[in-house]
Amino acid sequence: MSLLFSRCNSIVTVKKDKRHMAEVNASPLKHFVTAKKKINGIFEQLGAYIQESAGFLEDTHRNTELDPVTTEEQVLDVKGYLSKVRGISEVLARRHMKVAFFGRTSNGKSTVINAMLWDKVLPSGIGHTTNCFLRVGGTDGHEAFLLTEGSEEKKSVKTVNQLAHALHQDEQLHAGSLVSVMWPNSKCPLLKDGLVLMDSPGIDVTTELDSWIDKFCLDADVFVLVANSESTLMQTEKQFFHKVSERLSRPNIFILNNRWDASASEPEYMEEVRRQHMERCTSFLVDELGVVDRAQAGDRIFFVSAKEVLSARVQKAQGMPEGGGALAEGFQVRMFEFQNFERRFEECISQSAVKTKFEQHTVRAKQIAEAVRLIMDSLHIAAQEQRVYCLEMREERQDRLRFIDKQLELLAQDYKLRIKQMTEEVERQVSTAMAEEIRRLSVLVDEYQMDFHPSPVVLKVYKNELHRHIEEGLGRNMSDRCSTAIASSLQTMQQDMIDGLKPLLPVSVRNQIDMLVPRQCFSLSYDLNCDKLCADFQEDIEFHFSLGWTMLVNRFLGPKNSRRALLGYNDQVQRPLPLTPANPSMPPLPQGSLTQEELMVSMVTGLASLTSRTSMGILVVGGVVWKAVGWRLIALSFGLYGLLYVYERLTWTTRAKERAFKRQFVEYASEKLQLIISYTGSNCSHQVQQELSGTFAHLCQQVDITRDNLEQEIAAMNKKVEALDSLQSKAKLLRNKAGWLDSELNMFIHQYLQPSR
């Protein structure tokens, strides 16, 4: 068991050691590759985030249901950020590490590049001088090609000789021209990591140094000065890098003292020459250019032989040993020096390229993310404030709605009671006034003046005009007695209703309440209809002697009983049956008992029946009276009776007939009008009730409109609050996403841009 455990531990240890060795042996150029991949991913996420934010802001700005929570300027700003991020992403996708090699003609710049690429990519050696700028980059294809400046034509190049021939045959190329040599990545692993090497003509063959710097050097991450170790640094070389230092802040410069293999022929002077070159190069970098300090200068100056390294690496690529062939003494030291240069160079260019290529864009990305975050934060705050305002407005309207419902219920009960009381009072006033007017009906009838004639035609017209006079007079008198007071009370009641319900209406409606609630001039209509009421009136304007038998009976018994007596009804007077059921607790009346009035009617009826049957009664009565009082008294009585008859007959004129007609009409009309007192009072009270109920209904209609508006506003507020909640959540999410992107950028800065301690 312990053996198995120890074996497992050893396996884990071996795996960890291998992983560590892989990390150690990994090319520093991978740092740039991973940084580029990381920053491209961040910018891709940033672009998607800004696009989402721009769409969200635009939709929010176009939402007319909400109050403005964002401005058009903010929408345009975010859209501008989107275009900037897309532009930066395109630039980052094309970014690569760039190293520029400079030096005098035939110092071995092309040989150094070939040695670093482990292959003879560029023409070099005796008879080959670079007459233009050569940009060496990698391609995923399997065939090499070159592109000349201003042309998209890919010229196939399979060998170095073909490349050299193509460069020399192109007459349009000059020292300031650029030719891109695209070499397959499969042949040069160094090019896989996005490294571009720039070869240049000798800086001692042209005076256009400024244009070279502007055109080819401003985006270079590292400059390599390839010097000839057999001579010292020339003023031309120094002048060029002084110009570079003026254009760029602290450029990364390496100095390669090439052809150091020549020192092997004079080993006794090797260290002295090396020390002199080191001092002069250090002084140039530290004192003249000020790009490094003295402690760092040793890592920027190297003594190499590019030709030896290239030869050894080509032999190794072909399967032969590195040390094969005639190599000068100290080759391994120079090989190690060149490898050390490559290591320092890769570390420097990866750090420098990440910083120069990504730092500015990273800072810009942080600024954009922060700007969008601030916009989302302001939108979140504005939406929150608007939501609080909407909640307050909704609560206010809900309170207002509850207040209206409660007040309307109380006012409805109160006005219902007051309307009932007022209608009862109106009915009482109208009934009382009508009863008084009926008692004064004779005065109104006496005021009627029109020619009277007993003929039926004239009498009919007389009746119709009298009916109209009575109706107009009663209506006028009733109006004078009741209408003004009732109308005043009604208007007061209507105004009380308006004043009571006005607080329930909006301010804008209160000022227009008189126009919204129709208030016509109220006038009571009594509708007596005297013509129909007295249509059955039958006048009796024939002459009737006051002491005649009919008048005497009528005077003592009344009109109804006199007709019964004179017309000779049955002797047996039947007692009418009661209309209501008899009370069983009371003893029943005897069948034979009669009232005094009924007994008198029965006696007179019997007497009239007796005189009508025989004339003997007259003789008997006359004889009795004759014997009792004597003939003189009887004659005198008959004489006076006759004179009275003649007087009454002579005074029975048209005027007397008119008075009799009016007296009979007053009696008849008074009786009929008494029957409709209650109806007229109820009719007037109903009119008042209808008017007041109509006014209250119109006011309630306006209140209902106000309630409906409040309910609609509350529903709109609820919808608005939901929209603001969604808006607030989305703005908060986007704000937090901006913070997350900022943390990703900070992590990138910490991991790739800040110097390691």
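Numbers run from 1 along the shown chain.
Yeah, the Cβs are placed from backbone N, Cα and C, and that goes for glycine too.
Look at Swiss-Prot and you will find 1-604, 648-757 tagged as topological domain 'Cytoplasmic'. Taken from Swiss-Prot, the feature domain 'Dynamin-type G' applies to 93-342, supported by sequence analysis. What Swiss-Prot records for 103-110 is region 'G1 motif'. Residues or ranges marked as GTP binding site in Swiss-Prot (evidence: similarity to another entry): SER106, ASN107, GLY108, LYS109, SER110, THR111, ASN258, ARG259, TRP260, ASP261, SER305, LYS307. Residues or ranges marked as phosphothreonine by Swiss-Prot on the basis of similarity to another entry: THR111. Positions annotated as region 'G3 motif' by Swiss-Prot, on the basis of sequence analysis: 199-202. Taken from Swiss-Prot, the feature region 'G4 motif' covers 258-261, and the record attributes it to sequence analysis. What Swiss-Prot lists as transmembrane segment is 605-625, 627-647, and the listing cites sequence analysis.
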Which listed residue (SER106, SER110, THR111) has most other Cβ within 10 Å, given these are recorded positions: SER110
Inter-residue C-alpha distance, ASN258 (GTP binding site) and THR111 (phosphothreonine) (nearest angstrom): 10
PLDDT averaged over the residues of the region 'G4 motif' (258-261): 88
The one of ASN258, SER305 whose CB sees the fewest other CB atoms within 10 Å, among these binding-site residues: ASN258
Separation of alpha carbons, the residue listed as 'phosphothreonine' and TRP260 (GTP binding site) (Å): 14
Max CA-CA distance, Å, over listed GTP-binding residues SER106, ASN107, GLY108, LYS109, SER110, THR111, ASN258, ARG259, TRP260, ASP261, SER305, LYS307: 17
Candidate with sparsest Cβ neighbourhood (10 Å radius) among GLY108, TRP260, the listed binding-site residues: GLY108
Spatial separation of THR111 (phosphothreonine) from SER305 (GTP binding site) - C-alpha basis, Å: 9
